[in-house]
Amino acid sequence: MSKQILILPGDGIGPEIMAEAVKVLELANDKYSLGFELSHDVIGGAAIDKHGVPLADETLDRARAADAVLLGAVGGPKWDKIERDIRPERGLLKIRAQLGLFGNLRPAILYPQLADASSLKPEIVSGLDILIVRELTGGIYFGAPRGTRELENGERQSYDTLPYSESEIRRIARVGFDMARVRGKKLCSVDKANVLASSQLWREVVEQVAKDYPDVELSHMYVDNAAMQLVRAPKQFDVIVTDNMFGDILSDEASMLTGSIGMLPSASLDANNKGMYEPCHGSAPDIAGQGIANPLATILSVSMMLRYSFNLTEAADAIEQAVSRVLDQGLRTGDIWSAGCTKVGTQEMGDAVVAALRNL
């Protein structure tokens, strides 16, 4: 029986980078007889333009029916002034919540070929391989009540809510421990337990879960210190588990240790490892349509999809090896270019990965 993959290119550079990822996926599909069937739909600003909402009900139904979703990026200045509840980003939040995608895996890996592209000295980041496990459907991004009210003195005051239940914390903690168990057996839980009640519960529950993983070394770190340590000595970390907002911020910080956020894929998984896969970067509307965006994060998201949702290790490894070979050839998009390398565009980079994969 064929497996259904829903393709959601999104906005900005999304369609450009997705076109290259789809080429790689289609080749892998043929080369390894994966049995995938691909279908396409719209999300974000593209969905607003077509349906008037950032995620149409029929698109959500197709996502539920699919075995995995591959997404580009959403958002752009075109939709910045519309009502907040129907902005492109709300479509992304909704599909995550409705599909139960509570576990976000964001690797930060420095390819040896890109050591000079990192913002830190090579000796600080050489060999970097961190996995950030971010809780994705709870916390302040979804908490209620939220809003803006007028105080007695006429001044406006805005407020948000940061709730976490024991079950929400427990399930993401288990993802963190499971990932640490198959990696370096070190897990750092990041919170703000010296200030936030939600973080105090977070730390308590993580400690409880740790009893089931005696082979994994658990440490705790306040988020402000973690942000500093990621720059000071990033290789002390193996797996980091943290809440929605902290994970959002720390994973973007970690991305720049690798040279470019354009290199980093991500996976968002439900309890059964059904997932949505997307690059960590945004829609980059400032370069959309210019053919210069880096498609490698989206291509590597395909690899993550094969690995985590379908357990297709051989095909996943091959795509990652193809990307590494292209970097060995000195091909670079502008965001990772350095002297002595060859600058290429989006399509050229995608074609190079396809050629490398075909020749493996």
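For all residues, glycine too, the Cβ spot is worked out from N, Cα and C.
Residues annotated as NAD(+) binding site in Swiss-Prot, with sequence analysis given as evidence: 76-89, 282-294. What Swiss-Prot lists as substrate binding site is Arg96, Arg106, Arg134, Asp224, and the listing cites sequence analysis. Summarising the annotation, Swiss-Prot assigns Mg(2+) binding site to Asp224, Asp248, Asp252. Per Swiss-Prot, site 'Important for catalysis' is recorded for Tyr141, Lys192.
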One should report the C-alpha separation between Arg84 (NAD(+) binding site) and Lys192 (site 'Important for catalysis'), rounded to whole angstrom, as 28
Given the binding-site residues Ala284, Ala288, Ile292, which one is most crowded in terms of C-beta atoms within 10 angstroms? Ala284
Assigned conformation of Ile292 (NAD(+) binding site) - DSSP reduced to three states: coil
What is the separation, in Å, between the Cα atoms of Pro88 (NAD(+) binding site) and Lys192 (site 'Important for catalysis')? 30
Lowest local Cβ density among Arg84, Arg96, Arg106, Arg134, Lys192, which the record lists as recorded positions, within 10 Å: Arg84
Considering only the recorded positions Arg134, Lys192, Asp224, Asp248, which residue has the minimal Cα-Cα separation from Ala288 (NAD(+) binding site)? Asp248
Which entry in the list of binding-site residues, Gly76, Pro88, has its Cβ near the fewest other Cβ atoms, using 10 Å as the limit? Gly76
Inter-residue C-alpha distance, Arg134 (substrate binding site) and Asp252 (Mg(2+) binding site) (nearest angstrom): 12
